[in-house]
Amino acid sequence: MKKSLIALAVLSAVAGAAQAQSSVTVYGLVDMGLQRQEIGATKAHGNTPATASSTTTALDSGNQSGSRLGFKGSEDLGGGLKANFKLEMGVFADTGASQGNTFGRQAYVGLSGDFGAVNFGRQYTPMFIAVDSFDPFGTGLTSGAAGESTSSFGAAAFFEPNVVGPRKNNSVTYSTNDLGGFTANLMYGLGEEKAGDNKSSRYMSMSAAYTAGPLFVTGVYSESEKGTNVPYTTKTSLFAATYDFSVVKLAGAYSYLKNDGTPSDALKRDVYSIGATVPVSAAGSFIFNYITSKNKNRTLLTNPKPVGPAPQTLADADANQTAIGYTHSLSKRTNVYTSFSYNRNNTDVSMGDAGGKARPDGATIKMFNVGIRHMF
């Protein structure tokens, strides 16, 4: 017994010393809540049959932020240079199952110093980082892209559909330090899809942001080359700004997306967003958002194949979303939340989180959730 205690003490001392030298941190987040989705009935039009309405109520993981477990750390190499890493896995807190790849949320290693930071691996795109910085809902709740089933509207309306999403594999990023309120991010994602073809599914993106007191502005440009699964090149631009008046923080954004698909699958999309955050106490805030998406040519938001037996030009393919929410902090690491969103889709488009169910063209989608989030 005494020898066992001595061994445990030695192991604890060694582990503690290693942790102190490498500054390894175990962290995580658990987000659980009730969520209800209502998908409205649709009428038959063109080659699309009528559909019945449906309602789903479930206990969901990651309504406001994706539940996760991660490991991160840094090593001081001297002269202001550090080696850094992060490995982060997604977790379905309602079942305990892992999400996809072991470290599917983030997995990278890199160096940082006076020059900024360079990282290599699976990382968030500059577009995702920008949207999360200005949208009142961030990338979660009923107007975001978090949770078990990625939304195709809300914050995700700014992302490249069927192309990249919030993260990119095989990527190299460079981020500047804060330069008098100015920051910039660059990303280059190697396609690595076809042997001997370095261009297939290649991704490039750059962003810049400036903060001056209550003012914040940001801009992003991204380009994703065509590949096996997506036979067209997509280009996306985003401009956004927020201003904090103390009693209310206003946000506005505009995004333009275009791909070079054939006439049957080409897409041009203009997205406009306005939002507000209204603090009502030191711990609580109401959040509002309105987003409209104007889609021209084919609509490829849920399926890149033409609708019906033959290619069609879809003229009535606009959609909008109105959302309201409330968050209340119980401590620095724990908060409760609730939100509601209403998505209106025109005849030839289906946008909005449907809780993993099919979203028929022209359906209205209502979503409500209430839950708790804890960070450690």
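Even glycines carry a Cβ here, placed using N, Cα and C.
TrEMBL labels come from automatic prediction, so no person has curated them.
Here is what TrEMBL records for this protein:
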SIGNAL    1-20  signal peptide
DOMAIN    7-347  domain 'Porin'
REGION    41-65  region 'Disordered'
COMPBIAS  48-58  compositional bias 'Low complexity'
Within the region 'Disordered' (41-65), how many residues are helix, strand or coil going by DSSP?
0 helix, 12 strand, 13 coil
If you average the pLDDT over the domain 'Porin' (7-347), what number do you get?
83
